[in-house]
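*Asks:* Per Swiss-Prot, the feature site 'Part of a proton relay during catalysis' maps to T44, Y107. The pyruvate binding site annotation in Swiss-Prot covers T45, I204. Residues or ranges marked as active site, proton donor/acceptor by Swiss-Prot: Y133. Here Swiss-Prot flags K162 as active site, schiff-base intermediate with substrate.
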Amino acid sequence: MLKGAVTALITPFDDNGAIDEKAFCNFVEWQITQGINGVSPVGTTGESPTLSHEERKQVVELCVEQVAKRVPVVAGAGSNSTSEAVELAQHAEKAGADAILVVTPYYNKPNQKGLYTHFSSIAKAISIPVIIYNIPGRSVIDMAVETMRDLCQDFKNIIGVKDATSKIGRVSEQREKCGKDFIQLSGDDCIALGFNAHGGVGCISVSSNVAPKLCAELHAACFRGDYETALKLNDLLMPLNRAVFIEPSPAGIKYAAAKLGLCGSLVRSPIVPLAETTKKIIDAALHHAGLLKE
């Protein structure tokens, strides 16, 4: 079962702007040694909007090979074109991903029937599990709980949701409509603690790019009912959770990773490097979490 802290992996680039394969593989290995519960390549944090389809496939293949079945790999396979999403999903399955993460189609704004058609086409095309990624703030559409219910009832491999609505009440609604076994993962580190308390089972996390151990420990504490420890860890992480989103992501989390010597900070346009004032806030957040000692 997919559970705990799952890192929405950044994609390191070299000085020429190409994917830095060595840095990426080393980063994935570090994540595993730190105790992360799963990894999710080529999502928003992995800069999928500015990766070519071939680059997206390249990163998924690298990730699957490096992980070698030690933790689940949830490959990003979203597109606002159904046929493209099907192609990416089929590639992820062929590459050996354990599941796929599929964002609701962005920009073209389908209605609920269109959302059902999109996800059903993907589910029919593969046998591995599908996680719905519902993020109205970026896609401009919100999948209704009833549509989610219909999809998970009609397709056995649609097993859960990454919920980035920031509406904590949705957890209970989705639990009621989709069942207790429907996997609900927060898409927002800032509300992950409360999300778990309402019935969630983890988070597809941005902060865990630099704090995998702390994030995994937070969720483990939730699952054993130790909310006192979970709250202490949440307090350590909260400034970081906020700081890395002061400017458009993933510039903030890539800067934090570079500050810790994990990889370079280069982002692809139209995302741009951070202002110096933002860097100082992230530095302070890293200190607060005990991740930066200098």
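Any Cβ shown, glycine's included, is placed from N, Cα and C.
Here the structure is a predicted model, which means the values were calculated and not measured.
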*Asks:* How big is the gap, in Å, between the Cα of T45 (pyruvate binding site) and that of the residue listed as 'active site, proton donor/acceptor', rounded to a whole number?
*Replies:* 13
*Asks:* Out of T44, Y107, Y133, I204, point to the one nearest K162 (active site, schiff-base intermediate with substrate) in space (Cα versus Cα); all of them are recorded positions in the record.
*Replies:* Y133
*Asks:* Fewest neighbouring Cβ atoms within 10 Å: which of the recorded positions T44, T45?
*Replies:* T44
*Asks:* So among the recorded positions Y107, Y133, who's got the most Cβ atoms within 10 Å?
*Replies:* Y133
*Asks:* Can you see whether DSSP assigns I204 (pyruvate binding site) to helix, strand or coil?
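*Replies:* Going by the DSSP assignment, I204 (pyruvate binding site) falls within a strand, counted as strand.
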*Asks:* List, in sequence order, the same-chain residues at least six positions removed whose CB sits under 8 Å from that of I204 (pyruvate binding site)?
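*Replies:* Listed in sequence order: V6, T7, A8, S40, G43, V74, L101, K162, L185, S186, G187.
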